[in-house]
C-alpha cells in the first residue's frame with residue numbers, strides 16, 4: 001500500500017503510517033543510490049550534492065501534516081516592517097556610491113525556457129526590444145552602472161540544466177563588455193511517481209525515456225546550489241556583501257541605488273539581511289505571494305499554501321494589499337551562515353504534473369522569497385509598480401515593445417508622454433500566444449500611449465501606424481478575419497465580425 005499525498009495531509013501519523021513513511025524514505029534512498037551508480041565520477045559528485053538537498057526535501061514532504069500555515073495566526077505585517085520606497089529615497093545618496101556598488105552582485109534567475117511563448121531554448125534569449133534579448137538588456141544595464149560610477153558589479157546567472165549550454169554559448173559575445181559574468185547551475189531533482197513515490201528516472205541520463213524524468217526545483221534552490229558551486233565563497237573573498245536577485249524576465253528589476261545605500265548605511269549590529277521589494281496589488285496580481293506577520297516573523301505566503309476555504313480572501317485586494325515582485329536584496333554572509341547551520345527553512349511547494357504519456361508525477365519545489373523568515377532584521381520595501389515589469393506572455397511583450405516605454409542603457413522607463421503611470425490592461429487571444437505568430441500579426445507595434453484596455457480575440461492583424469486609445473475590443477469570430485487597416489485610429493471601439501466598427 002502506498003502512502004498517498006492525501007494520507008499525509010490528514011493529521012498526526014499513526015504508528016502504521018510512520019512505518020510506511022520510513023519505508024518510503026528507505027526505498028527512495030536505495031533508488032537514488034542506484035541512479036548515482038549509472039553516472040560517471042564527476043557527474044556523480046555533483047548529483048550527490050543535489051540528491052542530499054532532494055532527500056531533505058522529500059523527508060520533510062513525508063512529514064507534512066496539512067497546510068503549512070494556520071490561517072488564524074496570520075496577521076498583516078506591522079507598519080515599520082514594510083517601508084514605503086519614498087522614505088528610503090528621501091535619505092538621498094552618499095558622495096560616492098562606488099564603494100557600495102563594489103560590494104554588490106547582481107543575480108538573475110535564468111532557469112526558465114521560452115516554451116510558454118512558443119520559443120525554443122532559454123527564455124532570456126527572446127528578443128524583447130529593438131532586437132535586444134532579456135540577457136542583452138541586463139548586460140547593458142550593468143555595464144552602464146559600472147561605467148557611470150567606475151564600479152565593478154558582476155553579473156551572476158543561475159542557469160538550469162535546460163538553459164546552461166545555450167546560455168554559455170551566447171555569453172562569448174559579451175567578452176568585451178565592462179561586466180564580469182559568472183554562471184552556476186541549479187540542482188537537478190528527480191520527478192516522483194505520484195503513486196509509488198519513487199523516481200521515474202531509469203538512469204542519470206537526460207534523453208530518451210529519461211527526457212521528462214528531471215526538473216529544476218524552483219528558485220528557492222538558489223541558496224544551496226550557490227553554496228555548492230563554490231561561487232558564494234569566491235564572491236565573499238572578493239569582499240561582496242549583498243546580492244540583488246530577480247527574475248531575468250522582469251524588465252523593471254534594475255539596480256536601485258537608494259535601496260542599496262539604505263542597506264549599506266545600517267549599523268553593523270542592525271544590518272538588514274533581507275529586503276523583499278513588494279508593490280501594490282491590482283486585479284491582475286491576485287495570485288502573487290504576499291508578506292504576512294506569522295509567529296513574530298515576516299513570512300511570504302504563496303497561493304499554493306492557502307487552505308482552499310481561504311483562497312478568495314487571499315486574492316482580495318483589500319486584505320492583502322501588496323505582493324512580492326521577487327526582487328530581493330540578500331546578505332551574502334547571512335546566506336553562508338544559514339547554509340552552514342542548515343537552518344534555512346523553506347516551505348515545500350508540491351507541484352503536480354501530468355507527463356505526455358499520462359503519468360502523474362509530483363515535483364517538490366521551493367521559492368527564494370520563502371527564506372525571508374530565516375534572516376535577521378528582514379523587511380519589505382513598497383516600491384513603485386515600474387520595478388515590476390515581467391514579460392510572461394505575448395500580451396506583456398506588446399506593452400514593452402510599444403511606445404509606452406523608452407529604452408535607455410538597457411533600462412525601460414514609462415514614456416513621459418503617458419498621462420497616467422498605470423499600465424494598460426492587455427489581453428491577446430490564443431492566435432498571439434507564440435512569439436512568431438505574434439510578430440506576423442503586427443506590421444509595426446501600435447501607438448498605445450492613451451490606451452487603457454485592449455482585448456483581441458481570433459484571427460486579427462494590425463496594419464502599420466495603428467493608434468489605440470481608451471478601451472478597444474476586437475473580436476473575430478471563428479472563420480472571420482479582421483484586418484485593422486494601416487493608419488487606423490481606434491478610440492473606445494468594439495470591432496467584431498469582419499471589421500464592423502461600432503462606438504463603445
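Cβ from N, Cα, C; glycine included.
Feature annotations, courtesy of TrEMBL:
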- 123, 186, 218, 249, 392: UTP binding site (BINDING)
- 219: substrate binding site (BINDING)
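Structure coloured by features recorded in TrEMBL.
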residue : record                 : Cβ within 10 Å
123     : UTP binding site       : 24
186     : UTP binding site       : 27
218     : UTP binding site       : 23
219     : substrate binding site : 23
249     : UTP binding site       : 22
392     : UTP binding site       : 14
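Each residue contributes its Cα atom, and for residue 392 (UTP binding site) and residue 219 (substrate binding site) these two points are 16 Å apart. Of the recorded residues, residue 219 (substrate binding site) and residue 123 (UTP binding site) place their C-alpha atoms 15 Å from one another.
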